[in-house]
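> Feature table excerpt (TrEMBL):
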TRANSMEM  44-66  transmembrane segment
TRANSMEM  73-92  transmembrane segment
TRANSMEM  104-125  transmembrane segment
TRANSMEM  132-155  transmembrane segment
TRANSMEM  161-179  transmembrane segment
TRANSMEM  206-233  transmembrane segment
TRANSMEM  245-265  transmembrane segment
TRANSMEM  277-297  transmembrane segment
TRANSMEM  303-322  transmembrane segment
TRANSMEM  334-358  transmembrane segment
TRANSMEM  364-383  transmembrane segment
Amino acid sequence: MKKIQKWMMLFLYSALQWFGGTIWISFASITDSAASYYGKSLEFINLFSLSFLILQLPMAPLSSYFLRKSYHWTMMLAYLVSVVGVWVKVIAQDNFYFSLAGQMLIGSMNSLTLAACSTLTALWFDPSEQTLAVAIASTSNLLGAGCGLILSPYVHSISELMYIQASYTTFFAILNVIFSRKKTPEDCSVVKAEFSKELSVIFKDWYHLALIFFISSGLAIAYALSGVIYQILSPFGVTEDESGWIGFSMYIGAIVGGLLTSLIVHKNKNYINPVRVFAFLSLSGIIIWAASVRYFWGNILGSIISGLGLFGFMPLGIQATVDQNKNIEESIPTNLIFLTAQALSVAYTYPIILFYSWTKLSGLWLSTIFAVLSFCTLMILYCPKLIEKYKQPLIVPQNIIKEDGPPDVDNNYD
C-alpha cells in the first residue's frame with residue numbers, strides 16, 4: 001500500500017504540472033484566433049503565457065517557504081486556486097481582463113509548485129528511486145505544454161477550449177482530494193534548515209550564482225520560443241495547425257532530453273562532458289531550425305533537437321548547481337534556476353518576435369545569438385579548475401545539512 005501511495009502522490013503532482021502546462025501554452029499556436037476572440041492585439045494575447053513567467057518572480061521565494069511548512073497543504077492550495085482560475089476563465093467568456101485574471105491564478109499556483117518535484121521525491125521516495133521520480137515529475141509540465149500546443153488548433157472555439165480545460169482540471173483536483181495523503185513527521189527525510197541562512201550563503205557565492213544564471217539562460221530561450229511559436233513561424237507560411245505540431249515536437253524532444261539527462265545524473269557525477277554535449281545539441285538544433293524555417297519537416301527536426309538540448313539541460317543544470325554547494329537545500333537553487341529562466345524568457349520574448357520586422361530574418365537567428373553567448377560563457381565558467389576552486393565544503397555543525405544520521409525535522413512538516 002505504501003508503494004502504491006508514493007506513486008499516486010507522484011501522479012497527483014505530475015497531473016498538476018501537466019494541466020498547468022496545457023493552460024500556460026494554449027494560445028501560443030492560435031494567437032490569431034485568440035486575438036480575434038478577445039478583440040485584442042497579439043501583444044495582449046502574449047500576456048496569457050507571459051503571466052506564468054512573470055509570476056515566478058513573487059512566487060519562487062514563497063514556494064520554498066510554503067513547501068517547508070507543508071508539501072501536502074501547498075498542493076491542496078494549488079489545486080483549489082487552479083480550479084477557481086479555470087472556472088473564472090469559463091465565466092469570463094470573451095472578457096479579456098477577467099480571463100487574464102483567471103489565467104494569473106493558475107499561473108501563480110504553477111509557479112508555486114514548479115520546483116516542488118525535489119520536495120516530493122525526498123518525502124516519498126527512497127534515494128535509489130528519486131532520479132526516476134524527479135525525471136517524471138520535472139517533465140510532466142513539458143508534456144502538458146506539448147499537449148496544449150497540439151490540442152488548441154483542433155478545438156472549435158476558444159469558449160469550448162476553456163470548458164475542456166476546466167473539466168480536466170476539476171477532475172484532477174477531485175482525485176487530489178480523494179487520494180492525497182500527508183507524510184508523518186517521523187517519516188520525513190527533508191532537511192528543515194533556516195531559510196534566511198541558506199539565502200545568505202547562496203547570495204555570497206558569485207560563482208554559484210553565475211552558473212545558475214547561464215544555465216537558466218538556455219532554458220529561457222526554450223520558454224520564449226515555445227510561448228510565441230506561431231508568431232515566430234507565421235511569416236514563413238506556417239499555419240496554426242502546423243505550429244502546434246512543431247511545438248509538440250519540441251516538447252517530445254524535451255521529454256526525451258529530460259529523461260536522458262536524468263539518467264546521466266543518476267549514473268555519472270561528473271557533469272562537465274554531458275553539459276558540453278547538450279550545449280552543442282542546443283546550438284545545433286536552433287541553427288538547423290533557423291536555417292530550415294520555411295520547410296515543415298525542417299521545422300520539426302530543428303524543434304526536436306532544440307527541445308532535446310535546451311530542456312535536456314534542466315536536470316543537468318539543477319544537479320550541477322546543487323552539487324556545487326551542498327550547504328544549500330536543493331529547492332533553493334532549483335527555484336533560482338526556474339525563476340531566472342522565466343525572468344530572462346520575458347526579456348527575450350519581444351526581441352525574438354520583432355527580429356523579423358527589423359531584419360526579415362527569423363527570430364530563431366536571434367535565439368542562436370542568445371544561445372552562443374550563454375553556452376560559450378557557461379563552458380568557460382564550468383571547467384574543472386573553477387569548479388574545484390569555488391566548490392563549498394560541507395558545513396556539518398550548523399543545522400543546514402547533516403552528513404550522518406537522520407536530519408532534524410520539526411513537527412510542522414508534512
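Residue numbers in this text run from 1 along the chain shown.
Note: Cβ is positioned from N, Cα and C throughout, glycine not excepted.
Give me the lay of the land around each of these features.
Among residues of the same chain six or more beyond the transmembrane segment (44-66), those with a C-beta under 8 A of the stretch's C-beta atoms are 20, 24-28, 31, 34-35, 38, 74, 77, 96, 100, 103-104, 106-108, 110-116, 195, 223, 227-228, 231, 329, 331-332, 335-336, 338-339, 342-343, 345-346, 349, 353.
Proximity of distant same-chain residues to the transmembrane segment (206-233), defined by a Cβ-Cβ separation under 8 Å and at least 6 residues beyond the stretch ends, is recorded for 24-25, 28-32, 42, 46, 49-50, 53, 145, 149, 240, 242-243, 246-247, 250-251, 254, 279, 282, 286, 293, 299, 306-307, 310-311, 313-314, 317, 320-321, 324-325, 328, 333, 336-349, 352-353, 356, 362-364, 367, 370-371, 373-375, 377-378, 381-382, 386, 389-390, 392.
Within the chain, the transmembrane segment (245-265) has long-range Cβ neighbours (under 8 A, six or more residues past its boundaries) at 25, 28-29, 131-132, 134-135, 138-139, 142-143, 145-147, 149-150, 222, 225-226, 229, 233, 238, 271, 274, 278, 281, 285, 296, 299-300, 303-316, 319.
Cβ atoms under 8 Å from those of the transmembrane segment (277-297) belong to residues 218, 221, 233, 236-238, 242, 246, 253, 257, 261, 303-310, 312-313, 316, 362, 364-365, 367-368, 371-372, 375, 378-379 of the same chain, restricted to positions at least 6 beyond its ends.
Non-local neighbours of the transmembrane segment (364-383) in the same chain are 207, 210-211, 214-215, 217-218, 221, 224-225, 232, 271-272, 275-276, 279, 282-283, 286-287, 289-290, 293, 302, 320, 348, 351-352, 355; each lies 6+ residues outside the stretch with a CB under 8 Å from one of its CB atoms.
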> If you count every Cβ pair below 8 Å, which range out of 73-92, 104-125, 132-155, 161-179 shares the most with the transmembrane segment (334-358)?
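Between the stretches 73-92, 104-125, 132-155, 161-179, 104-125 has the largest tally.
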> Quickly jot the same-chain residues contacting the transmembrane segment (161-179) by Cβ under 8 Å, restricted to those at least six beyond its ends, or write none.
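For the transmembrane segment (161-179), the sequence-distant neighbours (Cβ-Cβ under 8 Å, at least 6 residues beyond its ends) are 8, 12, 15-16, 19, 22-23, 26, 75-76, 79-80, 82-83, 86-87, 89-90, 99, 151-152, 155.
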